[in-house]
Amino acid sequence: MNGLDRIIENALAEDIHTGDVTTLAILPTPRRMRARLIAKESMVLAGIAVAEQVFAMVDPTAEFTAHFHDGYQLQKGDLIAEVVGDGSALLQGERVALNFLQRMCGIATQTAAYVREVAGTGARVVDTRKTTPGLRVLEKYAVRVGGGINHRTGLYDGVLIKENHIAAAGGVVEAIRRARAYVPHTLKIEIETETLEQVGLALEAGADIIMLDNMTLAEMTEAVLVIGKRALVEASGGVNLQTIRAIAETGVDIISVGALTHSVRAMDISMLMEDR
């Protein structure tokens, strides 16, 4: 069983548990039915293969037809997909399929909006680890569909020294020294800074990426000038659709946005069933 199947299996088990009592009462015998997934608002499609796999797991004989691919800009009323299968299985998979699809579309749509705001500045919009536990791989995929870039996947594939690491090490320079001595040369070292003084220390210590955390626009502009392309510059904190353009125009290379995943609104998608 692959990772996606495990995620879906857990979601189905959580929802169905010992049985869908409503469906067992209404549809006691097998009955072939058709379900239509319909966009109720404009959105960027993401997660269509996940929805398909949900229905395949509740009914291996289900026939799923997607009318659009991930990344497509859907409009209100678009018929996203159709699935033909056992009626009881379709009902059991409905909410799980919609939960995945609506959230992933929400993330992709939100990401696309942020990416549009920074167009022409050269800044890249990246995500964070502020994801739903157990769903990170799906949520980070949705960010990519929306035109964003993934930051590190977890604690294992990139060094990011934050304020508590700095406190534990006794300072910026020592934290970077310890990280450089421990990790292989293939891993870049990023450090979070809160002041221009810390930026200078991080630069002297050889950080590959310097994060400017909750700095003012003036401080970010000065930091970019001080760093002068000797390290990548990432802005973080206080980023929303109203502020991201101004942040991008300071000259930073990367803008990390927790809102891409931690507080996204699920898109409105409905599933309507009928006899085949």
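Cβ atoms here come from the backbone N, Cα and C positions, even for glycine.
TrEMBL entries are annotated by machine, without manual review.
Site annotation for substrate in TrEMBL covers R95, T128, R129, K130, R152, K162, E192, S236, G237, G238, V257, G258, A259, and the matching candidate from D70, D78, D208, D213 is D213. Confidence over the domain 'Quinolinate phosphoribosyl transferase C-terminal' (107-271), given as mean pLDDT on the 0 to 100 scale, stands at 98. Of all the binding-site residues listed (R95, R129, S236), S236 sits in the most crowded Cβ setting, with the most other Cβ atoms within 10 Å.
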